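Enquirer: So Swiss-Prot says this about it:
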DOMAIN    2-88  domain 'Core-binding (CB)'
DOMAIN    109-288  domain 'Tyr recombinase'
ACT_SITE  R148  active site
ACT_SITE  K172  active site
ACT_SITE  H240  active site
ACT_SITE  R243  active site
ACT_SITE  H266  active site
ACT_SITE  Y275  active site, O-(3'-phospho-DNA)-tyrosine intermediate
Amino acid sequence: MTDLHTDVERYLRYLSVERQLSPITLLNYQRQLEAIINFASENGLQSWQQCDAAMVRNFAVRSRHKGLGAASLALRLSALRSFFDWLVSQNELKANPAKGVSAPKAPRHLPKNIDVDDMNRLLDIDINDPLAVRDRAMLEVMYGAGLRLSELVGLDIKHLDLESGEVWVMGKGSKERRLPIGRNAVAWIEHWLDLRDLFGSEDDALFLSKLGKRISARNVQKRFAEWGIKQGLNNHVHPHKLRHSFATHMLESSGDLRGVQELLGHANLSTTQIYTHLDFQHLASVYDAAHPRAKRGK
């Protein structure tokens with residue numbers, strides 16, 4: 001194993017033990033840093049002390065030529081900067097060679113959401129099969145509270161307060177949020193809890209796979225996509241779309257940007273403000289369809 005690999009493994013242990021990052025986040029860091037290890041090795045580097053800003057820029061250019069998108073490249077460079085900052089803190093480097101290297105600005109894509117009618121159709125799962133009940137409960141909780149996928153699969157039974165209709169979730173940066181989930185979600189969680197022991201009860205996880213283990217994020221993605229097809233939705237149903245839909249529908253109904261920010265667990269209001277653009281798109285489409293002066297040729 002080279003010094004390049006050794007330092008990255010030390011850094012990943014630091015992120016896991018000291019920073020307590022989630023397994024999904026750790027895997028993402030590992031993938032990004034493996035890419036720079038491969039590039040550095042191809043260019044004859046034996047240690048990170050040999051890395052300079054020119055090499056980082058060449059790495060960025062190579063990544064773009066290989067088809068890496070602007071947003072993905074920004075993520076890769078961010079991981080690299082964080083890694084080099086850590087090496088500086090460990091006195092392994094004198095300065096961060098990636099500090100002045102930035103990716104081209106990524107175009108900001110508006111998140112896609114599911115409209116209210118389609119959401120009602122998606123949630124209209126009335127089958128007494130235990131797995132269908134579990135899936136309906138997961139859909140209700142995700143849409144009812146606007147959870148991230150990692151927050152949904154991380155829920156334990158102890159995080160529930162069904163009497164008050166709330167859940168506790170651990171979000172990004174180990175920040176805990178207490179969220180209302182709505183009476184429909186409560187009802188379907190209770191229905192699922194009546195059936196949950198059929199899959200085993202040793203695991204603390206709220207939502208179990210058919211093997212009795214905590215359900216995986218990949219399994220949730222697969223099940224949601226299948227339900228989207230079964231329920232006749234035209235668009236692919238991804239878990240994050242339910243979070244986008246929650247935010248959009250809440251903002252359309254309340255207009256309370258700060259409140260939606262708190263519910264979503266966004267550290268910065270600017271992250272939540274993207275949903276105001278979605279709301280404007282909705283209003284603009286209504287205007288174009290209904291206002292006499294907006295109709296072309298009239």
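Even glycines carry a Cβ here, placed using N, Cα and C.
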Enquirer: So what's the mean pLDDT when you look at the domain 'Core-binding (CB)' (2-88)?
Expert: 90
Enquirer: Let me know how many other Cβ atoms fall within 10 Å of the Cβ of R243 (active site).
Expert: 22
Enquirer: With DSSP as the reference, give the number of residues of the domain 'Core-binding (CB)' (2-88) in helix, strand and coil.
Expert: 70 helix, 0 strand, 17 coil
Enquirer: Since the record lists R148, H240 as active-site residues, which of them has the fewest other Cβ atoms within 10 Å of its Cβ?
Expert: H240
